[in-house]
């Protein structure tokens, strides 16, 4: 086993958070090596690489790059496309963090003989009875615990999280006070890195260029081999009885719970309740019709079974920065997690993630099946 020394491998994106993380780790006495992953380069821009290299040079730390574009394409982008094409609503950032980014950091650190791994995530870590847990960040507006439900102890015990105890405002001030003005004023990244604005435009572009995705996800497992036409055909909006309401642009361009952007005008508010890929139909209904009191999860991870299973005071979140609900979680005979909600939730969509908390500790999560 590697010695738990003061060496740390830090994921550096070139942005404010990971840059300030590097400064804070250095000031805490760590020997920092920065690694910048090449996951996806929007519009072929490599400015982030130069920013990370320049910062590392100013700080006097070693910096390397790691080309992960091919694995990112197969495990994240093709999964993302696959999920929309089967009528689901994926959350690619949870997959990237749990099954790609943090495991890659761990792998590279092992190869370099480094024990600790770190990022600029706004989360904290605590140890309770020899078990490590992710817990809420000091900055509730930036808290990113929701995305890390799949991490296991081999990763958790190595994590350093230098941004968890400060706010984003404090992070910007921290950089400015040390003469890193460019770092201090960098804009926050928004949305999914490979389609930060509109996923529909990305899907259209992708399907034209890559109309037969070969899905290859390590975890969670998905079925592969579907062949889709580069043309997504228009289909029918229907009510819960199956009666025609209007035409839509193609089922992948809608998500459960959606109200805006339907392109129709009715005398009542309607929401997407269900997506039927095999019929190219999108079912519309009232908001109340979208309420559910239970759900099933696959590909789940539990940090501590005794703390999570069977308790009535578990908090579940199914969206980043969205409402919380109390629930009771059990494991079914066919190895799904059954989540019994204490109050109804609306717009629970297959493919989304759910994360569980108790006493501020992230206890695990999974992917919603239904």
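The backbone N, Cα and C atoms fix where each Cβ goes, glycine too.
The ATP binding site feature in Swiss-Prot is assigned to 11, 12, 13, 14, 15, 16, 17, 18, 37, 120; the stated evidence is sequence analysis. In the three-state DSSP reading, residue 15 (ATP binding site) counts as coil.
Here Swiss-Prot flags 96-193 as disulfide bond, drawing on sequence analysis. Long-range C-beta contacts of residue 193 (disulfide bond), restricted to its own chain and to partners at least six residues apart, with a cutoff below 8 Å, comprise 39, 40, 42.
Annotation for residue 96 (disulfide bond): spatial neighbours 39, 72, 76, criterion Cβ-Cβ under 8 Å with sequence separation of six or more. The secondary structure of residue 96 (disulfide bond), as reduced to three states from DSSP, is helical. According to Swiss-Prot, the feature active site, nucleophile maps to 96, an assignment based on sequence analysis.
Other Cβ atoms within 10 Å of the Cβ of residue 121 (site 'Interaction with tRNA') number 26 in total over all chains. For 121 (among others), the entry in Swiss-Prot reads site 'Interaction with tRNA'.
Sequence-distant contacts of residue 352 (site 'Interaction with tRNA'), defined by Cβ-Cβ distance under 8 angstroms and a gap of at least six in the same chain, are 89, 90, 91, 318, 319, 367, 368. DSSP assigns residue 352 (site 'Interaction with tRNA') to coil, not to a helix or a strand. Annotation source Swiss-Prot lists site 'Interaction with tRNA' at 352 (among others).
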Among 11, 15, all listed as binding-site residues, which has the most CB atoms within 10 Å of its CB?
11
To the nearest whole angstrom, state the Cα distance for the pair residue 37 (ATP binding site) and residue 121 (site 'Interaction with tRNA').
15
Indicate whether residue 121 (site 'Interaction with tRNA') is helix, strand or coil by DSSP.
coil
At its widest, how many Å does the recorded ATP site span between Cα atoms of 11, 12, 13, 14, 15, 16, 17, 18, 37, 120?
16
